[in-house]
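Colleague: Got a structure here, written out as structure tokens. Questions coming.
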Amino acid sequence: MHRFRKNTCLISDYFHSTGGNYNLSQPCVNIGMVGHVDHGKTTLVRALSGVWTDTHSEEVKRGISIRLGYADSPFMKCPKCPEPQCYTVEKTCPNCGEKTEEHRTVSFVDAPGHETLMATMLSGAAIMDGAVLVIAANEDCPQPQTKEHLMALDIIGIKNIVIVQNKIDLVSREKIIENYHQIKEFVKGTVAENAPVIPISAQQNINIDILIDALETQIPTPSHKVDKPASMLIARSFDINKPGASIEEIRGGVIGGTLTEGVLHPGDELEIRPGIKVTTEGSTRWIPILTTVSSIYAGATKVDEATPGGLLAVGTYLDPTLTKGDSLTGQMAGVPGTLPETRHQFVMELHLLDRVVGVTREEKINEIKTSEPLMLNIGTATTVGVVTSARKNEAQVALKRPISAAIGAMVAISRRVDSRWRLIGVGVIKS
């Protein structure tokens, strides 16, 4: 079998680092950008990182995020200026001209805000350590996906939240204050009730220093289990080869995501589960993939060791046809023999919401019924499960596409409401 070449810095075209000429340390925290469509999430990521994460051709054409976007950025600190003016993403302080020092590097996960892309948002939320809820000051609050995204953060258990009141340059002071009170009323009684509300303009770079100060306070670097076997949630996968490349030039497939525990090095063996679907004589099964790490990138920086926190691009010796077009998204990678089992069905304990959010009429949520199809998000995986048995607080589902998940894993549950998948609750895998 042909052993594909090691990957080069072409990997960094897919997991971006800041537009400045920095030598970044590995990101230590993943921060999600969530909120309603066109409220400025991608523009804010660009203001903080210099990277425009909408690079897919359809995203450029339609002007909205479709896939998860990623960008790394350093939070720099001026040794002379007081807080919050000391914070910037520049190498020199915009206030006094002093050379700044790197405080920490973060990864941003830019989730789409369109209602039809809720599954993508939920898979991104699985790798977030905290989140920025972006709310436009020039529209009434809350908008439908503002409500749905906040409910998703609450259900998944993301408690470290900063609220950004964006586009303050487009409205009057009176409208900003009115919108602020709408925001505070909206988050009352939710996981974001005590989150700070930072008024900014991502387009004009207004109050970015105050926002970074809030992110430093509200979303600390989490502690990670580096003494465990390496385990990685795959959020993207790529074929980085250009059309027409000769066999000698072909490079192995790339997986992108975040380490949840353990340490990863070039040369380490990896198992990927559930793996690839194989059909023989009318019988279908999923076979785990085994490969070796050829290179690791944190943004554009090649590293010899990767630890949990932040986003990584991992080069492998896999046939790139296995990784092209996000085909391994939702799978798990880790030390062979240590990953959770592949599940074609499971029983989950149910915790349903009272009402459907994100729709015009917030209807009461009825109990889950046998034979009902549900969209299920487990980690970065999205699959459809058909309910094979249902009781008041428990349901068994048969999956259209298997997942690798442990007992106790959390499941975000959505059902079809008015031809759209709507979040209705959360489950916990029991068996």
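Each residue, glycine too, has its Cβ placed from N, Cα and C.
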Colleague: Region 'G4' per Swiss-Prot: which of the ranges 166-169, 338-341, 418-421 is that?
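Modeller: Of the candidate stretches, Swiss-Prot labels 166-169 as region 'G4'.
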Colleague: For the feature region 'G1' as recorded in Swiss-Prot, pick the matching range from 35-42, 139-146.
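Modeller: Per Swiss-Prot, the stretch marked region 'G1' is 35-42.
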Colleague: In the same chain, outside C78, C81, C93, C96, whose C-beta lies within 8 angstroms of the Cβ mean position for the Zn(2+) site?
Modeller: P79, K80, Q85, C86, T88, P94, N95, G97, E98, T100
Colleague: Would you please pick out, from the binding-site residues C81, C96, I168, the one with the fewest other Cβ atoms within 10 Å of its Cβ?
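Modeller: Ranked by other Cβ atoms within 10 Å, the binding-site residues C81, C96, I168 bottom out at C96.
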Colleague: Measuring CA to CA, name the entry from the binding-site residues D38, C78, C81, C93 that ends up nearest I168 (GTP binding site).
Modeller: D38
Colleague: In the structure shown, with every protein chain counted, which of the binding-site residues N166, S201 has the densest set of Cβ atoms within 10 angstroms of its Cβ?
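Modeller: Compared across N166, S201, the most Cβ atoms within 10 Å surround N166.
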Colleague: Please average pLDDT over the region 'G3' (110-113) for the predicted structure.
Modeller: 67
